[in-house]
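Now, the feature entries from TrEMBL:
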- 73-114: domain 'B box-type' (DOMAIN)
- 385-427: region 'Disordered' (REGION)
- 280-382: repeat 'Filamin' (REPEAT)
- 438-479: repeat 'NHL' (REPEAT)
- 483-526: repeat 'NHL' (REPEAT)
- 527-568: repeat 'NHL' (REPEAT)
- 572-615: repeat 'NHL' (REPEAT)
- 619-657: repeat 'NHL' (REPEAT)
């Protein structure tokens, strides 16, 4: 029955089978559906269920109990050999079979009695069932959480629609009020002007009428009156005509017709078109991170800040602000220990500040949309300022390093000539050198170098090199072809004095550590200067890298510490100091960041490589002074490949490890 269903379901010419339930695609055998293997477990289980009486207990109908019934019921027949009972199990094919099958296609396979593996398989299935059942509470909680977020989202959408309708209805009411008032003002102005004009018009009409009647009467008397009548009215008419001739009539307009309506709508139209903004982000808590020394350490009475970088579900940086972030610092008894303030940088990052007044252990909780961000809550310890370890002053004694700088050491690193790394070492390190290609030669022209320091590969297939003594950055293709160079010697912003470290950030900008200018310069991909950061803080920046939060990690060779900056130059945190302990350095050189966002630093004079978390917590170190495998003699460059392998330039031993 199932065979015919599949034959009807799958097109005759199809080479694959898409499961109707889970949609997983499988390759069909050459002979099609009929060549698919039988699932004996299912067919046997169907037989068991068909011959089981109606179950009085629903829980007794589980798969495992059906298998138990199969084991306890009558023997199951082999589908390939009629009348033969399946008594054996092939471990290679994971299927049951009869005695004849063991001598057929399974003759070279490991077979065991079926009864010996039933209990074993039941135990394995029960263990697997227990394992997945233990996840049910987590999934239930996750379903409730996501459902609640979905409910809140719909609720906020409804509230927003209500607010939008209310706002625009209010705007319509205000517009209607303004329209009515506007028309009323227009009517009033027009009425006032008309009163003046009507009064003038009345006076003029009255004067015209008087003149016309006087003229008519006088002309009538002159034309038809006798001498006596003319003499009798002459004096009266003469006075009246004279008075009308001298009368000052209001012949000039007492008002004007100026009444225009001017409504400036362009600005208002633009405002209306841009009226309102929808605030949302794709930030989620479990991928968002916090960095800064103030996450775990604080000095009482001193203001501390940490940086929260928000990310979406895929770990990509969120570039907008307005996320709902909450910060709480709780004492051991659960009471709030300090007020926190949050500053939204409007670029997906947030500054959280606080000041603790008392020493002790605290819990630092950071919640994004009510959920703890990665690593929250953090254990925070506050001590007196006098108990905070201080970095020692700069030590004047130096030993020459590849860049002509260095720091206090106990043993000078010596560069071994390449001949010393010869066949005797091949026994310890059997990997043969296999040069793919080399780029450049000594000189000052394009594609030539005088003192290479930093090198970085970008995601768009370019190799960027910091040429320290030529005071420039050179760019090559992945196959070593010269593309461009930029850089002007000088100590002004945008100029290079001694470029050492170089890296390419996620925007394609080229980030350059300038040792002598004591800052980090940022250039566009085509070499145009954009910004400089770290001026006034850095003493001798050497290596530089960019982490997954977009932060610029800078190794300060002179100060023996690591600075972490935002791309706009704001200091996130710094760690380190001169010394030999885990959190100290002796002339650190370069830095790399792995796919876990961990910071990897080469410690030149301590002959080791040290690994720290994204906020500067020490994780591990490796290496010691020597020439053997895993040992270093003044390591300099460091990189991490796609598999997380750490590649170190062992400068004093003239090799890569």
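Numbers here mean position along the shown chain, with the first residue as 1.
For all residues, glycine too, the Cβ spot is worked out from N, Cα and C.
Annotation: stretch 527-568 has the most Cβ pairs under 8 Å to the repeat 'Filamin' (280-382), among 438-479, 527-568, 619-657.
Within its own chain, the repeat 'NHL' (527-568) is flanked in space by residues 289, 291, 307, 309, 315, 317, 349, 391, 394, 403, 405-407, 454, 473, 484-487, 493-494, 500-506, 509-515, 518-521, 574-579, 584-593, 597, 599, 601-602, 604, 612, 614-616, 638, which lie at least six positions past its ends and keep a Cβ under 8 Å from the stretch. In the domain 'B box-type' (73-114), the DSSP tally of helix, strand and coil residues is 5 helix, 11 strand, 26 coil.
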